[in-house]
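Structure first, commentary second.
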Amino acid sequence: MDASNPIVHPIGDHHAVDLEEGPLIVTMKELPGMPGTIGGLALRVGQFLFAAAAIVIMVTGDEFTNYTAFCYLVAAMSLQFLWSFMLAILDTYALLIKRGLRNSVLLSLFVVGDWVTATLSLAAACSTAGVTVLFDNDLNYCGQMHCHRYQLSAAMAFLSWLLIGMSSLLTFWLWASE
(Lines of atoms letter the chains of each structure in order from A and count residues from 1; the text may use other names and numbers.)
(Lines give C-alpha, C1' and ligand atoms only; values in the text may rest on other atoms or scores of the structure.)
Protein backbone atom coordinates (compact mmCIF):
# COMPACT_ATOMS: atom_id res chain seq x y z
CA MET A 1 0.00 0.00 0.00
CA ASP A 2 1.40 3.38 -0.96
CA ALA A 3 -0.57 5.64 1.37
CA SER A 4 -1.41 6.16 5.02
CA ASN A 5 -4.65 7.35 6.55
CA PRO A 6 -4.08 10.39 8.81
CA ILE A 7 -6.54 9.05 11.38
CA VAL A 8 -4.23 6.12 12.03
CA HIS A 9 -0.95 7.93 11.43
CA PRO A 10 -1.52 11.66 12.02
CA ILE A 11 0.87 14.06 10.35
CA GLY A 12 0.72 17.69 11.37
CA ASP A 13 -2.29 19.37 12.97
CA HIS A 14 -5.45 18.14 11.21
CA HIS A 15 -8.83 19.16 12.59
CA ALA A 16 -12.04 17.16 12.53
CA VAL A 17 -13.35 19.59 9.89
CA ASP A 18 -10.66 18.40 7.49
CA LEU A 19 -11.78 14.81 7.93
CA GLU A 20 -15.41 15.60 7.06
CA GLU A 21 -14.35 16.57 3.54
CA GLY A 22 -13.07 13.07 2.95
CA PRO A 23 -10.14 11.01 4.10
CA LEU A 24 -6.77 12.66 3.75
CA ILE A 25 -4.23 10.46 2.05
CA VAL A 26 -0.59 10.93 2.94
CA THR A 27 1.83 9.30 0.52
CA MET A 28 4.88 7.55 1.89
CA LYS A 29 7.43 8.44 -0.74
CA GLU A 30 10.60 8.70 1.30
CA LEU A 31 11.07 6.14 4.03
CA PRO A 32 14.40 6.14 5.85
CA GLY A 33 17.02 4.05 4.07
CA MET A 34 15.50 4.24 0.60
CA PRO A 35 17.81 5.07 -2.32
CA GLY A 36 18.25 8.80 -2.76
CA THR A 37 17.67 9.64 0.92
CA ILE A 38 20.02 10.52 3.78
CA GLY A 39 19.28 7.14 5.38
CA GLY A 40 20.10 5.33 2.14
CA LEU A 41 23.36 7.24 1.88
CA ALA A 42 24.22 6.35 5.49
CA LEU A 43 23.59 2.65 4.79
CA ARG A 44 25.80 2.75 1.68
CA VAL A 45 28.60 4.60 3.46
CA GLY A 46 28.49 2.07 6.30
CA GLN A 47 28.60 -0.79 3.79
CA PHE A 48 31.68 0.41 1.99
CA LEU A 49 33.47 1.45 5.19
CA PHE A 50 32.98 -1.96 6.81
CA ALA A 51 33.96 -3.67 3.55
CA ALA A 52 37.11 -1.55 3.35
CA ALA A 53 37.92 -2.35 6.98
CA ALA A 54 37.50 -6.08 6.32
CA ILE A 55 39.83 -5.85 3.31
CA VAL A 56 42.51 -3.83 5.10
CA ILE A 57 42.47 -6.03 8.20
CA MET A 58 42.68 -9.22 6.16
CA VAL A 59 45.38 -8.01 3.76
CA THR A 60 47.66 -6.88 6.58
CA GLY A 61 47.86 -10.49 7.77
CA ASP A 62 50.90 -12.42 6.60
CA GLU A 63 49.42 -15.70 5.40
CA PHE A 64 45.97 -14.78 4.10
CA THR A 65 46.89 -15.76 0.52
CA ASN A 66 47.49 -19.37 1.59
CA TYR A 67 43.80 -19.94 2.40
CA THR A 68 41.01 -19.81 -0.16
CA ALA A 69 38.37 -18.57 2.29
CA PHE A 70 40.48 -15.55 3.19
CA CYS A 71 41.17 -14.72 -0.48
CA TYR A 72 37.45 -15.10 -1.19
CA LEU A 73 36.68 -12.64 1.60
CA VAL A 74 39.02 -10.08 0.04
CA ALA A 75 37.43 -10.58 -3.39
CA ALA A 76 33.84 -10.42 -2.10
CA MET A 77 34.51 -7.38 0.08
CA SER A 78 36.23 -5.66 -2.86
CA LEU A 79 33.08 -6.16 -4.92
CA GLN A 80 30.99 -4.97 -1.95
CA PHE A 81 33.17 -1.89 -1.60
CA LEU A 82 32.90 -0.97 -5.28
CA TRP A 83 29.13 -1.56 -5.43
CA SER A 84 28.37 0.38 -2.26
CA PHE A 85 30.75 3.20 -3.11
CA MET A 86 29.19 3.60 -6.55
CA LEU A 87 25.68 3.70 -5.07
CA ALA A 88 26.79 6.11 -2.33
CA ILE A 89 27.98 8.48 -5.06
CA LEU A 90 24.64 8.06 -6.84
CA ASP A 91 22.75 8.74 -3.58
CA THR A 92 24.87 11.84 -2.98
CA TYR A 93 24.15 13.08 -6.49
CA ALA A 94 20.41 12.46 -6.05
CA LEU A 95 20.45 14.40 -2.77
CA LEU A 96 22.37 17.29 -4.31
CA ILE A 97 19.97 17.71 -7.23
CA LYS A 98 16.99 16.93 -4.96
CA ARG A 99 15.64 14.10 -7.10
CA GLY A 100 14.48 10.68 -6.01
CA LEU A 101 15.68 7.36 -7.35
CA ARG A 102 12.24 5.82 -7.88
CA ASN A 103 12.67 4.60 -11.45
CA SER A 104 11.52 0.95 -11.52
CA VAL A 105 14.35 -0.14 -13.83
CA LEU A 106 16.91 1.51 -11.56
CA LEU A 107 15.30 0.00 -8.46
CA SER A 108 15.31 -3.49 -9.99
CA LEU A 109 19.02 -3.06 -10.77
CA PHE A 110 19.64 -2.01 -7.15
CA VAL A 111 17.67 -4.99 -5.82
CA VAL A 112 19.50 -7.56 -7.96
CA GLY A 113 22.90 -5.98 -7.30
CA ASP A 114 22.24 -5.85 -3.56
CA TRP A 115 21.10 -9.47 -3.53
CA VAL A 116 24.19 -10.66 -5.41
CA THR A 117 26.64 -8.72 -3.27
CA ALA A 118 24.80 -9.64 -0.06
CA THR A 119 24.94 -13.33 -0.95
CA LEU A 120 28.64 -13.18 -1.80
CA SER A 121 29.40 -11.16 1.33
CA LEU A 122 27.56 -13.55 3.62
CA ALA A 123 29.26 -16.57 2.05
CA ALA A 124 32.68 -14.95 2.41
CA ALA A 125 32.09 -13.89 6.02
CA CYS A 126 30.80 -17.34 6.99
CA SER A 127 33.64 -19.19 5.29
CA THR A 128 36.23 -16.92 6.89
CA ALA A 129 34.64 -17.30 10.31
CA GLY A 130 34.45 -21.08 9.87
CA VAL A 131 38.11 -21.41 8.89
CA THR A 132 39.15 -19.13 11.74
CA VAL A 133 37.16 -21.19 14.27
CA LEU A 134 38.74 -24.34 12.84
CA PHE A 135 42.22 -22.88 13.26
CA ASP A 136 41.52 -21.54 16.74
CA ASN A 137 39.52 -24.31 18.40
CA ASP A 138 40.43 -27.50 16.58
CA LEU A 139 43.91 -27.17 15.12
CA ASN A 140 45.46 -24.72 17.60
CA TYR A 141 47.17 -22.76 14.80
CA CYS A 142 46.49 -19.39 16.37
CA GLY A 143 49.85 -19.34 18.10
CA GLN A 144 51.47 -19.33 14.65
CA MET A 145 48.92 -17.13 12.82
CA HIS A 146 47.03 -13.87 13.22
CA CYS A 147 43.68 -15.43 14.16
CA HIS A 148 42.37 -12.35 15.95
CA ARG A 149 43.02 -10.29 12.84
CA TYR A 150 41.09 -12.79 10.72
CA GLN A 151 38.24 -12.89 13.25
CA LEU A 152 38.02 -9.09 13.22
CA SER A 153 37.98 -9.10 9.42
CA ALA A 154 35.11 -11.62 9.43
CA ALA A 155 33.23 -9.43 11.94
CA MET A 156 33.62 -6.39 9.66
CA ALA A 157 32.35 -8.49 6.75
CA PHE A 158 29.29 -9.54 8.78
CA LEU A 159 28.56 -5.90 9.64
CA SER A 160 28.84 -4.94 5.97
CA TRP A 161 26.50 -7.80 5.08
CA LEU A 162 24.00 -6.69 7.73
CA LEU A 163 23.86 -3.19 6.27
CA ILE A 164 23.50 -4.38 2.69
CA GLY A 165 20.78 -6.78 3.81
CA MET A 166 18.85 -3.88 5.32
CA SER A 167 19.38 -1.79 2.20
CA SER A 168 18.32 -4.68 -0.02
CA LEU A 169 15.10 -5.26 1.88
CA LEU A 170 14.18 -1.57 1.85
CA THR A 171 14.89 -1.27 -1.86
CA PHE A 172 12.92 -4.44 -2.60
CA TRP A 173 10.01 -3.06 -0.57
CA LEU A 174 10.07 0.18 -2.54
CA TRP A 175 10.38 -1.68 -5.86
CA ALA A 176 7.52 -4.06 -5.01
CA SER A 177 5.25 -1.17 -4.01
CA GLU A 178 5.76 0.65 -7.32
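In case you wondered, yes, glycine gets a Cβ from its N, Cα and C as well.
Worth saying up front: this structure is predicted, and the values here are computed from it rather than measured.
Annotated in Swiss-Prot:
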type: TOPO_DOM; residues: 1-37; note: topological domain 'Cytoplasmic'
type: TRANSMEM; residues: 38-58; note: transmembrane segment
type: TOPO_DOM; residues: 59-69; note: topological domain 'Extracellular'
type: CARBOHYD; residues: N66; note: N-linked glycosylation site
type: TRANSMEM; residues: 70-90; note: transmembrane segment
type: TOPO_DOM; residues: 91-104; note: topological domain 'Cytoplasmic'
type: TRANSMEM; residues: 105-125; note: transmembrane segment
type: TOPO_DOM; residues: 126-154; note: topological domain 'Extracellular'
type: TRANSMEM; residues: 155-175; note: transmembrane segment
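Among residues of the same chain six or more beyond the topological domain 'Extracellular' (126-154), those with a C-beta under 8 A of the stretch's C-beta atoms are 53-55, 57-58, 60-64, 67, 69-70, 72-73. With a 10 A radius on its CB, N66 (N-linked glycosylation site) counts 9 other CB atoms from all the protein chains. Averaged across the topological domain 'Extracellular' (59-69), pLDDT for the predicted model comes to 89. Within its own chain, the topological domain 'Cytoplasmic' (91-104) has Cβ neighbours under 8 Å at 29-30, 34-38, 40-41, 44, 110, 174-175, 178, counting only residues six or more beyond its boundaries.
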